[in-house]
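Below is one structure, written out as C-alpha coordinates, with a few remarks after it.
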(Lines of atoms letter the chains of each structure in order from A and count residues from 1; the text may use other names and numbers.)
(Lines give C-alpha, C1' and ligand atoms only; values in the text may rest on other atoms or scores of the structure.)
Protein backbone atom coordinates (compact mmCIF):
# COMPACT_ATOMS: atom_id res chain seq x y z
CA UNK A 1 0.00 0.00 0.00
CA UNK A 2 1.12 3.55 -0.60
CA UNK A 3 1.86 5.54 2.54
CA UNK A 4 0.16 8.89 2.88
CA UNK A 5 1.07 9.90 6.40
CA UNK A 6 4.37 11.50 5.37
CA UNK A 7 5.11 12.00 1.70
CA UNK A 8 8.56 12.48 0.23
CA UNK A 9 9.28 15.80 -1.39
CA UNK A 10 8.90 16.17 -5.16
CA UNK A 11 12.64 16.34 -5.52
CA UNK A 12 13.15 13.13 -3.61
CA UNK A 13 10.39 11.36 -5.45
CA UNK A 14 11.41 12.45 -8.92
CA UNK A 15 15.13 12.25 -8.38
CA UNK A 16 15.78 15.70 -9.88
CA UNK A 17 17.46 17.10 -6.79
CA UNK A 18 14.92 19.88 -6.17
CA UNK A 19 12.52 20.42 -3.29
CA UNK A 20 9.77 22.93 -2.77
CA UNK A 21 9.83 25.55 -0.02
CA UNK A 22 7.00 24.04 1.96
CA UNK A 23 8.79 20.72 2.22
CA UNK A 24 11.99 22.46 3.30
CA UNK A 25 10.23 24.41 6.03
CA UNK A 26 8.51 21.28 7.33
CA UNK A 27 11.73 19.37 7.35
CA UNK A 28 13.51 22.11 9.29
CA UNK A 29 10.73 22.15 11.86
CA UNK A 30 10.94 18.40 12.23
CA UNK A 31 14.69 18.60 12.69
CA UNK A 32 14.20 20.78 15.76
CA UNK A 33 12.13 18.05 17.43
CA UNK A 34 14.10 16.75 20.44
CA UNK A 35 15.64 13.38 19.68
CA UNK A 36 15.31 10.43 22.03
CA UNK A 37 18.25 9.65 24.28
CA UNK A 38 20.30 6.69 23.06
CA UNK A 39 22.36 4.12 24.91
CA UNK A 40 25.99 5.05 25.38
CA UNK A 41 26.85 2.05 23.22
CA UNK A 42 25.27 -1.15 21.97
CA UNK A 43 26.78 -3.19 24.78
CA UNK A 44 24.76 -1.25 27.36
CA UNK A 45 21.58 -2.32 25.59
CA UNK A 46 22.68 -5.95 25.50
CA UNK A 47 23.65 -5.91 29.19
CA UNK A 48 20.31 -4.30 30.09
CA UNK A 49 18.39 -6.99 28.22
CA UNK A 50 20.43 -9.68 29.95
CA UNK A 51 19.81 -8.11 33.36
CA UNK A 52 16.02 -8.19 32.91
CA UNK A 53 15.72 -11.52 31.11
CA UNK A 54 18.24 -13.39 33.26
CA UNK A 55 16.70 -12.84 36.67
CA UNK A 56 14.92 -14.51 39.55
CA UNK A 57 12.94 -16.62 37.11
CA UNK A 58 16.09 -18.54 36.16
CA UNK A 59 17.56 -19.21 39.60
CA UNK A 60 14.36 -19.33 41.59
CA UNK A 61 11.34 -20.27 39.50
CA UNK A 62 12.76 -22.46 36.73
CA UNK A 63 14.28 -25.23 38.91
CA UNK A 64 11.03 -25.96 40.74
CA UNK A 65 8.88 -25.55 37.60
CA UNK A 66 11.05 -28.05 35.73
CA UNK A 67 11.05 -30.47 38.66
CA UNK A 68 7.24 -30.32 38.97
CA UNK A 69 6.67 -30.79 35.23
CA UNK A 70 8.71 -33.75 34.14
CA UNK A 71 12.23 -33.00 35.35
CA UNK A 72 14.70 -33.25 32.49
CA UNK A 73 11.83 -33.98 30.10
CA UNK A 74 10.52 -30.45 30.78
CA UNK A 75 13.45 -29.11 28.77
CA UNK A 76 11.89 -30.52 25.59
CA UNK A 77 8.61 -28.55 25.71
CA UNK A 78 10.48 -25.57 27.12
CA UNK A 79 12.94 -25.45 24.21
CA UNK A 80 10.13 -25.99 21.68
CA UNK A 81 8.15 -23.16 23.28
CA UNK A 82 11.29 -21.03 23.32
CA UNK A 83 11.77 -21.40 19.55
CA UNK A 84 8.10 -21.12 18.58
CA UNK A 85 6.93 -18.48 21.07
CA UNK A 86 9.76 -17.04 23.18
CA UNK A 87 12.27 -16.07 20.51
CA UNK A 88 9.66 -14.79 18.01
CA UNK A 89 7.94 -12.63 20.63
CA UNK A 90 11.26 -11.34 21.98
CA UNK A 91 12.54 -10.41 18.52
CA UNK A 92 9.22 -8.83 17.55
CA UNK A 93 9.21 -6.60 20.64
CA UNK A 94 12.80 -5.54 20.02
CA UNK A 95 11.91 -4.59 16.45
CA UNK A 96 8.84 -2.58 17.46
CA UNK A 97 10.73 -0.58 20.06
CA UNK A 98 13.74 0.19 17.88
CA UNK A 99 11.74 0.93 14.73
CA UNK A 100 9.49 3.53 16.39
CA UNK A 101 11.77 4.80 19.20
CA UNK A 102 8.64 4.74 21.37
CA UNK A 103 7.50 2.99 24.53
CA UNK A 104 4.84 0.35 25.06
CA UNK A 105 1.85 2.65 24.45
CA UNK A 106 3.11 4.96 21.71
CA UNK A 107 4.13 2.10 19.41
CA UNK A 108 0.43 1.49 18.79
CA UNK A 109 0.30 4.25 16.23
CA UNK A 110 0.75 1.17 14.02
CA UNK A 111 -2.84 0.11 14.86
CA UNK A 112 -4.38 2.90 16.97
CA UNK A 113 -7.42 0.81 17.83
CA UNK A 114 -5.09 -1.54 19.74
CA UNK A 115 -3.64 1.17 21.99
CA UNK A 116 -5.38 -0.54 24.90
CA UNK A 117 -2.85 -3.36 24.60
CA UNK A 118 -0.14 -0.94 25.71
CA UNK A 119 -2.16 0.38 28.63
CA UNK A 120 -3.17 -3.13 29.66
CA UNK A 121 0.46 -4.25 29.63
CA UNK A 122 1.31 -1.23 31.76
CA UNK A 123 -1.34 -2.34 34.26
CA UNK A 124 0.11 -5.85 34.36
CA UNK A 125 3.60 -4.42 34.78
CA UNK A 126 2.46 -2.32 37.74
CA UNK A 127 0.98 -5.44 39.37
CA UNK A 128 4.28 -7.29 38.93
CA UNK A 129 6.30 -4.34 40.25
CA UNK A 130 4.11 -4.10 43.34
CA UNK A 131 4.98 -7.59 44.61
CA UNK A 132 8.43 -7.95 43.03
CA UNK A 133 9.78 -5.23 45.30
CA UNK A 134 8.56 -7.13 48.37
CA UNK A 135 10.69 -10.10 47.31
CA UNK A 136 13.65 -7.73 47.20
CA UNK A 137 12.76 -6.63 50.75
CA UNK A 138 12.86 -10.25 51.94
CA UNK A 139 16.14 -10.78 50.13
CA UNK A 140 17.67 -7.68 51.71
CA UNK A 141 16.49 -8.78 55.15
CA UNK A 142 18.19 -12.15 54.79
CA UNK A 143 21.27 -10.46 53.38
CA UNK A 144 21.58 -8.20 56.42
CA UNK A 145 21.09 -10.95 59.01
CA UNK A 146 23.61 -13.17 57.20
CA UNK A 147 26.39 -11.01 58.64
CA UNK A 148 25.70 -12.28 62.17
CA UNK A 149 28.21 -14.58 63.82
CA UNK A 150 25.64 -17.36 63.69
CA UNK A 151 22.97 -17.57 61.01
CA UNK A 152 19.74 -16.75 62.89
CA UNK A 153 17.68 -19.43 61.16
CA UNK A 154 20.08 -22.21 62.10
CA UNK A 155 18.84 -22.68 65.68
CA UNK A 156 15.50 -22.97 67.48
CA UNK A 157 13.99 -20.44 69.88
CA UNK A 158 12.65 -21.53 73.25
CA UNK A 159 9.07 -20.70 72.28
CA UNK A 160 9.15 -22.91 69.19
CA UNK A 161 7.72 -26.31 70.02
CA UNK A 162 8.49 -29.29 67.81
CA UNK A 163 11.47 -27.47 66.31
CA UNK A 164 14.65 -29.07 65.02
CA UNK A 165 17.81 -27.01 64.64
CA UNK A 166 19.09 -26.52 61.12
CA UNK A 167 22.65 -26.76 62.38
CA UNK A 168 24.18 -29.94 61.03
CA UNK A 169 25.13 -32.00 64.07
CA UNK A 170 21.99 -31.37 66.05
CA UNK A 171 19.92 -32.22 62.98
CA UNK A 172 21.63 -35.53 62.41
CA UNK A 173 21.59 -36.39 66.12
CA UNK A 174 17.85 -35.80 66.26
CA UNK A 175 17.28 -37.95 63.21
CA UNK A 176 19.45 -40.79 64.48
CA UNK A 177 17.70 -40.76 67.86
CA UNK A 178 14.40 -41.54 66.16
CA UNK A 179 13.03 -38.01 65.92
CA UNK A 180 12.35 -37.15 62.30
CA UNK A 181 10.99 -34.30 60.30
CA UNK A 182 7.63 -34.77 58.66
CA UNK A 183 6.28 -33.22 55.58
CA UNK A 184 3.48 -31.02 56.87
CA UNK A 185 0.64 -31.62 54.45
CA UNK A 186 -1.26 -28.49 55.42
CA UNK A 187 1.51 -26.15 54.39
CA UNK A 188 3.28 -25.24 51.19
CA UNK A 189 6.40 -24.59 53.24
CA UNK A 190 6.50 -28.13 54.59
CA UNK A 191 8.85 -29.39 57.25
CA UNK A 192 11.73 -31.52 56.03
CA UNK A 193 11.98 -35.15 56.96
CA UNK A 194 10.20 -38.47 57.27
CA UNK A 195 7.87 -40.10 59.77
CA UNK A 196 9.46 -42.87 61.83
CA UNK A 197 6.12 -44.24 62.94
CA UNK A 198 2.50 -43.19 63.15
CA UNK A 199 2.96 -41.64 66.58
CA UNK A 200 6.00 -39.61 65.67
CA UNK A 201 5.34 -35.96 66.29
CA UNK A 202 5.58 -33.68 63.28
CA UNK A 203 8.55 -31.36 63.49
CA UNK A 204 9.62 -28.25 61.60
CA UNK A 205 13.08 -27.00 60.82
CA UNK A 206 14.33 -23.85 62.49
CA UNK A 207 14.82 -22.28 59.06
CA UNK A 208 11.13 -22.75 58.29
CA UNK A 209 9.95 -21.46 61.66
CA UNK A 210 12.30 -18.50 61.37
CA UNK A 211 10.81 -17.53 58.02
CA UNK A 212 7.19 -18.02 59.12
CA UNK A 213 7.34 -16.68 62.68
CA UNK A 214 10.15 -14.12 62.66
CA UNK A 215 10.41 -12.77 59.12
CA UNK A 216 6.90 -12.68 57.64
CA UNK A 217 4.88 -13.55 60.80
CA UNK A 218 2.55 -15.48 58.54
CA UNK A 219 -1.22 -15.55 58.95
CA UNK A 220 -3.04 -18.72 57.95
CA UNK A 221 -6.34 -16.87 57.55
CA UNK A 222 -6.82 -13.46 55.95
CA UNK A 223 -10.59 -13.30 56.33
CA UNK A 224 -10.10 -10.70 59.07
CA UNK A 225 -7.45 -8.71 57.17
CA UNK A 226 -3.77 -8.94 56.31
CA UNK A 227 -2.39 -7.16 59.38
CA UNK A 228 0.09 -4.30 59.70
CA UNK A 229 3.40 -3.97 57.81
CA UNK A 230 6.45 -5.29 59.64
CA UNK A 231 8.81 -2.41 60.41
CA UNK A 232 11.98 -4.32 59.55
CA UNK A 233 10.65 -5.44 56.18
CA UNK A 234 9.32 -1.93 55.59
CA UNK A 235 12.82 -0.51 56.03
CA UNK A 236 14.20 -3.18 53.70
CA UNK A 237 11.48 -2.31 51.17
CA UNK A 238 12.40 1.37 51.42
CA UNK A 239 16.09 0.56 50.90
CA UNK A 240 15.23 -1.50 47.82
CA UNK A 241 13.24 1.37 46.29
CA UNK A 242 16.02 3.85 47.01
CA UNK A 243 18.40 1.62 45.04
CA UNK A 244 15.86 1.30 42.22
CA UNK A 245 15.43 5.07 42.00
CA UNK A 246 19.18 5.72 42.00
CA UNK A 247 19.61 3.30 39.10
CA UNK A 248 16.82 4.73 36.92
CA UNK A 249 16.88 8.43 37.88
CA UNK A 250 18.82 9.49 34.76
CA UNK A 251 17.19 7.04 32.39
CA UNK A 252 19.41 4.92 30.18
CA UNK A 253 22.38 7.15 31.04
CA UNK A 254 22.41 5.72 34.56
CA UNK A 255 20.73 2.33 34.09
CA UNK A 256 22.97 1.56 31.12
CA UNK A 257 26.08 1.94 33.26
CA UNK A 258 24.57 -0.09 36.09
CA UNK A 259 23.59 -2.84 33.63
CA UNK A 260 27.19 -4.07 33.37
CA UNK A 261 27.17 -4.96 37.06
CA UNK A 262 23.54 -6.10 37.16
CA UNK A 263 24.09 -8.48 34.24
CA UNK A 264 27.57 -9.85 34.96
CA UNK A 265 27.89 -10.04 38.75
CA UNK A 266 25.20 -12.72 39.21
CA UNK A 267 27.17 -15.01 36.90
CA UNK A 268 30.26 -14.62 39.05
CA UNK A 269 28.32 -15.64 42.16
CA UNK A 270 26.42 -18.37 40.34
CA UNK A 271 29.64 -20.00 39.14
CA UNK A 272 31.13 -19.74 42.65
CA UNK A 273 28.04 -21.41 44.09
CA UNK A 274 28.05 -24.01 41.32
CA UNK A 275 31.66 -24.98 41.99
CA UNK A 276 30.92 -25.25 45.71
CA UNK A 277 27.66 -27.12 45.14
CA UNK A 278 28.98 -29.85 42.85
CA UNK A 279 31.76 -30.66 45.33
CA UNK A 280 29.30 -31.36 48.16
CA UNK A 281 28.35 -34.87 49.21
CA UNK A 282 25.03 -35.86 47.69
CA UNK A 283 25.24 -33.23 44.94
CA UNK A 284 25.25 -35.86 42.20
CA UNK A 285 21.99 -37.35 43.46
CA UNK A 286 20.38 -33.91 43.52
CA UNK A 287 21.47 -33.10 39.96
CA UNK A 288 20.29 -36.46 38.63
CA UNK A 289 16.98 -35.98 40.43
CA UNK A 290 16.58 -32.61 38.69
CA UNK A 291 17.54 -33.87 35.22
CA UNK A 292 15.90 -37.31 35.32
CA UNK A 293 13.17 -37.18 32.65
CA UNK A 294 9.60 -38.19 33.33
CA UNK A 295 8.61 -38.86 29.74
CA UNK A 296 4.95 -39.39 30.50
CA UNK A 297 4.61 -35.72 31.43
CA UNK A 298 5.21 -34.66 27.82
CA UNK A 299 1.62 -35.63 27.00
CA UNK A 300 0.27 -33.49 29.83
CA UNK A 301 -1.07 -30.15 28.45
CA UNK A 302 -0.36 -28.50 31.81
CA UNK A 303 3.36 -29.06 31.25
CA UNK A 304 3.21 -27.12 27.98
CA UNK A 305 1.21 -24.36 29.65
CA UNK A 306 3.83 -24.09 32.39
CA UNK A 307 6.57 -23.97 29.75
CA UNK A 308 4.89 -20.94 28.15
CA UNK A 309 4.34 -19.21 31.50
CA UNK A 310 7.97 -19.81 32.46
CA UNK A 311 9.16 -18.54 29.07
CA UNK A 312 7.15 -15.32 29.42
CA UNK A 313 8.22 -14.80 33.03
CA UNK A 314 11.87 -15.45 32.30
CA UNK A 315 12.25 -13.44 29.07
CA UNK A 316 9.97 -10.60 30.29
CA UNK A 317 8.01 -10.54 27.04
CA UNK A 318 4.51 -9.13 27.01
CA UNK A 319 5.10 -6.64 29.81
CA UNK A 320 7.02 -3.88 28.02
CA UNK A 321 10.69 -3.83 29.12
CA UNK A 322 12.05 -5.20 25.84
CA UNK A 323 10.13 -2.64 23.77
CA UNK A 324 11.23 0.12 26.13
CA UNK A 325 14.92 -0.82 26.08
CA UNK A 326 14.97 -1.20 22.29
CA UNK A 327 13.35 2.23 21.85
CA UNK A 328 16.59 3.84 23.07
CA UNK A 329 18.67 2.11 20.36
CA UNK A 330 20.02 3.73 17.25
CA UNK A 331 17.75 2.94 14.32
CA UNK A 332 20.37 0.77 12.61
CA UNK A 333 21.45 -1.21 15.68
CA UNK A 334 21.88 -4.95 15.04
CA UNK A 335 19.12 -6.31 17.27
CA UNK A 336 18.93 -9.72 15.61
CA UNK A 337 22.23 -10.72 17.18
CA UNK A 338 21.21 -9.36 20.59
CA UNK A 339 17.88 -11.19 20.53
CA UNK A 340 19.60 -14.50 19.80
CA UNK A 341 22.24 -13.94 22.48
CA UNK A 342 19.78 -13.03 25.23
CA UNK A 343 17.24 -15.79 24.55
CA UNK A 344 19.95 -18.45 24.33
CA UNK A 345 21.77 -17.18 27.42
CA UNK A 346 18.49 -17.13 29.32
CA UNK A 347 17.94 -20.84 28.70
CA UNK A 348 21.50 -21.79 29.60
CA UNK A 349 21.29 -19.76 32.81
CA UNK A 350 18.05 -21.50 33.78
CA UNK A 351 19.74 -24.86 33.35
CA UNK A 352 22.80 -23.68 35.28
CA UNK A 353 20.65 -22.34 38.10
CA UNK A 354 18.68 -25.57 38.31
CA UNK A 355 21.83 -27.68 38.55
CA UNK A 356 23.25 -25.41 41.27
CA UNK A 357 20.07 -25.37 43.37
CA UNK A 358 19.45 -29.11 43.16
CA UNK A 359 23.08 -29.94 43.87
CA UNK A 360 22.73 -28.07 47.16
CA UNK A 361 19.36 -29.69 47.88
CA UNK A 362 20.97 -33.06 47.20
CA UNK A 363 23.55 -32.25 49.85
CA UNK A 364 20.76 -31.26 52.23
CA UNK A 365 19.03 -34.61 51.70
CA UNK A 366 22.36 -36.38 52.19
CA UNK A 367 23.00 -34.63 55.50
CA UNK A 368 19.49 -35.45 56.70
CA UNK A 369 19.85 -39.06 55.53
CA UNK A 370 16.70 -38.68 53.43
CA UNK A 371 16.52 -40.90 50.36
CA UNK A 372 13.74 -39.03 48.54
CA UNK A 373 14.96 -35.55 47.61
CA UNK A 374 11.33 -34.60 46.99
CA UNK A 375 11.00 -34.16 50.78
CA UNK A 376 13.44 -31.24 50.84
CA UNK A 377 12.07 -29.41 47.79
CA UNK A 378 9.69 -26.48 48.21
CA UNK A 379 7.98 -24.13 45.81
CA UNK A 380 7.67 -20.36 45.70
CA UNK A 381 9.35 -18.31 48.38
CA UNK A 382 10.02 -21.50 50.34
CA UNK A 383 12.80 -22.50 47.95
CA UNK A 384 14.72 -19.25 48.41
CA UNK A 385 13.96 -18.50 52.06
CA UNK A 386 13.62 -21.96 53.65
CA UNK A 387 15.27 -24.76 51.67
CA UNK A 388 18.35 -22.88 50.56
CA UNK A 389 19.06 -21.17 53.93
CA UNK A 390 18.53 -24.54 55.58
CA UNK A 391 21.13 -26.08 53.27
CA UNK A 392 23.59 -23.21 53.76
CA UNK A 393 23.42 -23.53 57.54
CA UNK A 394 24.83 -27.04 57.18
CA UNK A 395 27.94 -25.90 55.30
CA UNK A 396 30.95 -26.71 57.45
CA UNK A 397 33.07 -23.81 56.16
CA UNK A 398 31.94 -20.17 56.52
CA UNK A 399 28.21 -20.60 55.84
CA UNK A 400 27.82 -16.84 56.39
CA UNK A 401 29.93 -16.12 53.30
CA UNK A 402 27.83 -18.34 51.04
CA UNK A 403 24.65 -16.92 52.53
CA UNK A 404 25.78 -13.37 51.80
CA UNK A 405 26.78 -14.32 48.25
CA UNK A 406 23.50 -16.10 47.56
CA UNK A 407 21.19 -13.38 48.84
CA UNK A 408 23.24 -10.59 47.30
CA UNK A 409 23.02 -12.43 43.99
CA UNK A 410 19.24 -12.70 44.37
CA UNK A 411 19.05 -9.00 45.19
CA UNK A 412 21.08 -8.02 42.12
CA UNK A 413 18.99 -10.30 39.91
CA UNK A 414 15.82 -8.76 41.32
CA UNK A 415 17.09 -5.21 40.88
CA UNK A 416 17.93 -5.91 37.24
CA UNK A 417 14.38 -7.07 36.57
CA UNK A 418 12.49 -4.42 38.51
CA UNK A 419 14.63 -1.59 37.10
CA UNK A 420 13.45 -2.59 33.63
CA UNK A 421 9.82 -2.88 34.71
CA UNK A 422 9.88 0.45 36.52
CA UNK A 423 11.64 2.17 33.61
CA UNK A 424 8.86 0.90 31.35
CA UNK A 425 6.24 2.78 33.38
CA UNK A 426 8.39 5.93 33.58
CA UNK A 427 8.98 5.84 29.81
CA UNK A 428 5.24 5.51 29.11
CA UNK A 429 4.51 8.58 31.23
CA UNK A 430 7.37 10.63 29.76
CA UNK A 431 6.36 9.67 26.21
CA UNK A 432 2.82 10.81 26.94
CA UNK A 433 3.79 14.06 28.68
CA UNK A 434 6.90 15.37 26.94
CA UNK A 435 7.46 18.28 29.34
CA UNK A 436 7.97 16.15 32.45
CA UNK A 437 11.46 15.65 33.85
CA UNK A 438 12.47 12.00 33.79
CA UNK A 439 13.93 12.01 37.30
CA UNK A 440 10.79 13.55 38.79
CA UNK A 441 8.60 10.89 37.21
CA UNK A 442 11.04 8.24 38.42
CA UNK A 443 10.88 9.63 41.96
CA UNK A 444 7.08 9.80 42.08
CA UNK A 445 6.58 6.34 40.59
CA UNK A 446 9.19 4.89 42.96
CA UNK A 447 7.35 6.41 45.92
CA UNK A 448 4.10 4.89 44.63
CA UNK A 449 5.84 1.54 44.20
CA UNK A 450 7.02 1.66 47.81
CA UNK A 451 3.50 2.43 49.07
CA UNK A 452 1.99 -0.40 47.00
CA UNK A 453 4.63 -2.78 48.31
CA UNK A 454 3.64 -2.22 51.94
CA UNK A 455 0.71 -4.63 51.70
CA UNK A 456 3.14 -7.45 50.86
CA UNK A 457 5.24 -7.00 54.02
CA UNK A 458 2.24 -7.65 56.26
CA UNK A 459 1.53 -11.04 57.91
CA UNK A 460 -0.92 -11.76 55.10
CA UNK A 461 1.36 -10.39 52.41
CA UNK A 462 2.21 -13.75 50.86
CA UNK A 463 -1.50 -14.38 50.29
CA UNK A 464 -1.83 -11.09 48.42
CA UNK A 465 1.34 -11.82 46.43
CA UNK A 466 -0.05 -15.16 45.27
CA UNK A 467 -3.36 -13.55 44.31
CA UNK A 468 -1.88 -10.60 42.38
CA UNK A 469 0.71 -12.74 40.62
CA UNK A 470 -1.93 -15.21 39.44
CA UNK A 471 -4.67 -12.83 38.31
CA UNK A 472 -2.94 -9.51 37.70
CA UNK A 473 0.41 -10.70 36.40
CA UNK A 474 0.35 -14.03 34.59
CA UNK A 475 -3.04 -13.98 32.88
CA UNK A 476 -3.21 -10.27 32.07
CA UNK A 477 0.22 -10.33 30.44
CA UNK A 478 -0.55 -13.52 28.53
CA UNK A 479 -3.85 -12.48 26.96
CA UNK A 480 -2.53 -9.04 26.00
CA UNK A 481 0.52 -10.64 24.38
CA UNK A 482 -1.90 -12.49 22.09
CA UNK A 483 -3.56 -9.19 21.13
CA UNK A 484 -0.13 -7.60 20.69
CA UNK A 485 0.92 -10.22 18.16
CA UNK A 486 -2.46 -10.21 16.41
CA UNK A 487 -2.44 -6.43 16.04
CA UNK A 488 0.97 -6.30 14.43
CA UNK A 489 0.86 -9.44 12.30
CA UNK A 490 -2.80 -9.87 11.38
CA UNK A 491 -4.09 -6.28 11.40
CA UNK A 492 -1.12 -4.16 10.34
CA UNK A 493 -0.05 -7.07 8.21
CA UNK A 494 2.95 -9.35 8.30
CA UNK A 495 4.01 -8.23 4.83
CA UNK A 496 4.14 -4.59 5.94
CA UNK A 497 5.97 -5.58 9.11
CA UNK A 498 8.56 -7.60 7.18
CA UNK A 499 9.11 -4.62 4.87
CA UNK A 500 9.78 -2.43 7.91
CA UNK A 501 12.29 -4.96 9.23
CA UNK A 502 14.03 -5.17 5.87
CA UNK A 503 14.32 -1.38 5.73
CA UNK A 504 15.63 -1.07 9.29
CA UNK A 505 17.91 -4.11 9.45
CA UNK A 506 18.85 -4.26 5.77
CA UNK A 507 18.12 -7.97 5.73
CA UNK A 508 15.29 -10.13 4.44
CA UNK A 509 13.05 -11.80 6.99
CA UNK A 510 13.52 -15.57 6.94
CA UNK A 511 10.72 -18.09 6.53
CA UNK A 512 11.18 -19.21 10.15
CA UNK A 513 10.18 -15.80 11.53
CA UNK A 514 7.33 -15.35 9.06
CA UNK A 515 5.81 -18.75 9.82
CA UNK A 516 6.16 -18.27 13.59
CA UNK A 517 4.64 -14.80 13.61
CA UNK A 518 1.81 -15.61 11.21
CA UNK A 519 0.82 -19.06 12.46
CA UNK A 520 2.75 -21.09 15.04
CA UNK A 521 3.17 -18.45 17.75
CA UNK A 522 -0.37 -17.02 17.82
CA UNK A 523 -2.08 -20.40 17.39
CA UNK A 524 -0.06 -22.02 20.19
CA UNK A 525 -0.67 -19.06 22.50
CA UNK A 526 -4.42 -19.06 21.82
CA UNK A 527 -4.73 -22.83 22.37
CA UNK A 528 -2.75 -22.70 25.62
CA UNK A 529 -4.72 -19.70 26.90
CA UNK A 530 -8.06 -21.41 26.18
CA UNK A 531 -6.82 -24.57 27.89
CA UNK A 532 -5.72 -22.53 30.91
CA UNK A 533 -9.13 -20.88 31.19
CA UNK A 534 -11.03 -24.17 30.80
CA UNK A 535 -8.95 -26.03 33.39
CA UNK A 536 -8.47 -23.16 35.83
CA UNK A 537 -8.89 -24.09 39.49
CA UNK A 538 -9.32 -21.97 42.62
CA UNK A 539 -5.91 -20.83 43.77
CA UNK A 540 -4.42 -21.91 47.07
CA UNK A 541 -1.74 -20.70 49.43
CA UNK A 542 -0.06 -23.20 51.75
CA UNK A 543 -2.62 -25.77 50.60
CA UNK A 544 -5.39 -23.50 51.91
CA UNK A 545 -8.01 -22.10 49.56
CA UNK A 546 -8.55 -18.37 49.30
CA UNK A 547 -11.75 -16.87 50.72
CA UNK A 548 -14.48 -16.29 48.15
CA UNK A 549 -14.07 -12.52 48.46
CA UNK A 550 -10.38 -12.84 47.58
CA UNK A 551 -11.19 -14.84 44.44
CA UNK A 552 -13.73 -12.22 43.39
CA UNK A 553 -11.08 -9.52 43.93
CA UNK A 554 -8.65 -11.55 41.82
CA UNK A 555 -11.06 -11.89 38.90
CA UNK A 556 -11.82 -8.18 39.17
CA UNK A 557 -8.09 -7.49 38.92
CA UNK A 558 -7.88 -9.63 35.78
CA UNK A 559 -10.96 -7.94 34.31
CA UNK A 560 -9.48 -4.47 34.84
CA UNK A 561 -6.27 -5.44 33.05
CA UNK A 562 -7.94 -7.25 30.15
CA UNK A 563 -10.62 -4.55 29.74
CA UNK A 564 -7.97 -1.95 28.90
CA UNK A 565 -7.83 -3.34 25.36
CA UNK A 566 -11.49 -2.78 24.32
CA UNK A 567 -12.04 0.33 26.45
CA UNK A 568 -9.10 2.29 25.03
CA UNK A 569 -10.02 1.07 21.56
CA UNK A 570 -13.52 2.50 21.97
CA UNK A 571 -12.02 5.71 23.33
CA UNK A 572 -9.84 6.11 20.25
CA UNK A 573 -12.74 5.46 17.87
CA UNK A 574 -14.91 8.03 19.67
CA UNK A 575 -12.14 10.64 19.56
CA UNK A 576 -11.41 10.13 15.86
CA UNK A 577 -14.79 9.93 14.10
CA UNK A 578 -14.85 9.13 10.38
CA UNK A 579 -18.56 9.49 9.66
CA UNK A 580 -20.22 6.22 10.62
CA UNK A 581 -19.03 4.09 13.52
CA UNK A 582 -18.02 1.30 11.13
CA UNK A 583 -15.80 3.66 9.14
CA UNK A 584 -14.26 4.98 12.35
CA UNK A 585 -13.54 1.43 13.50
CA UNK A 586 -11.93 0.53 10.16
CA UNK A 587 -9.83 3.70 10.29
CA UNK A 588 -8.58 2.76 13.77
CA UNK A 589 -7.19 -0.47 12.29
CA UNK A 590 -4.89 1.45 9.92
CA UNK A 591 -1.56 3.08 10.82
CA UNK A 592 -1.82 6.70 11.92
CA UNK A 593 0.34 9.42 10.40
CA UNK A 594 2.64 9.14 13.43
CA UNK A 595 3.62 5.57 12.59
CA UNK A 596 7.17 5.06 11.37
CA UNK A 597 10.75 5.95 12.27
CA UNK A 598 11.07 8.93 14.61
CA UNK A 599 13.97 10.57 12.77
CA UNK A 600 12.58 12.79 9.93
CA UNK A 601 15.27 11.91 7.39
CA UNK A 602 14.99 8.20 8.10
CA UNK A 603 11.23 8.52 7.92
CA UNK A 604 11.32 10.01 4.42
CA UNK A 605 13.64 7.25 3.24
CA UNK A 606 11.25 4.71 4.73
CA UNK A 607 8.26 6.22 2.91
CA UNK A 608 10.13 6.02 -0.40
CA UNK A 609 11.12 2.42 0.35
CA UNK A 610 7.55 1.40 1.23
CA UNK A 611 6.03 3.07 -1.81
CA UNK A 612 8.63 1.40 -4.01
CA UNK A 613 7.72 -1.97 -2.49
CA UNK A 614 4.02 -1.30 -3.07
CA UNK A 615 4.62 -0.36 -6.71
CA UNK A 616 6.82 -3.41 -7.18
CA UNK A 617 4.11 -5.73 -5.85
CA UNK A 618 1.45 -4.07 -7.98
CA UNK A 619 3.54 -4.82 -11.06
CA UNK A 620 4.16 -8.40 -9.96
CA UNK A 621 0.44 -8.87 -9.32
CA UNK A 622 -0.36 -7.89 -12.91
CA UNK A 623 2.09 -10.37 -14.39
CA UNK A 624 1.84 -13.10 -11.76
CA UNK A 625 0.28 -16.40 -12.76
CA UNK A 626 -0.50 -17.30 -9.15
CA UNK A 627 -4.14 -17.67 -8.30
CA UNK A 628 -5.98 -15.49 -5.83
CA UNK A 629 -5.62 -18.06 -3.02
CA UNK A 630 -1.86 -18.43 -3.41
CA UNK A 631 -1.33 -14.67 -3.56
CA UNK A 632 -3.27 -14.28 -0.32
CA UNK A 633 -1.31 -17.12 1.27
CA UNK A 634 2.07 -15.63 0.37
CA UNK A 635 0.92 -12.24 1.65
CA UNK A 636 -0.29 -13.82 4.89
CA UNK A 637 3.07 -15.48 5.43
CA UNK A 638 4.80 -12.15 4.90
CA UNK A 639 6.61 -12.96 1.70
CA UNK A 640 8.49 -9.79 0.86
CA UNK A 641 9.57 -10.67 -2.62
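Backbone N, Cα and C atoms are what each Cβ position is placed from, and that goes for glycine too.
It is 229-249, from the ranges 187-207, 208-228, 229-249, that Swiss-Prot records as transmembrane segment. When you go through 10, 183 in Swiss-Prot, the residue listed as N-linked glycosylation site is 183. Per Swiss-Prot, the stretch carrying the note transmembrane segment among 307-327, 370-390, 580-600, 601-621 is 307-327. Comparing 72-92, 258-278, 341-361, 552-572 for CB pairs under 8 angstroms to the transmembrane segment (516-536), the maximum falls on 72-92.
Across the candidate stretches 229-249, 258-278, 307-327, 401-421, 441-461, the maximum count of CB pairs under 8 A to the transmembrane segment (39-59) is reached by 401-421.
Spatially, the transmembrane segment (109-129) is not adjacent to the transmembrane segment (258-278); fewer than three Cβ-Cβ distances between them are under 8 Å for residues at least 6 apart in sequence.
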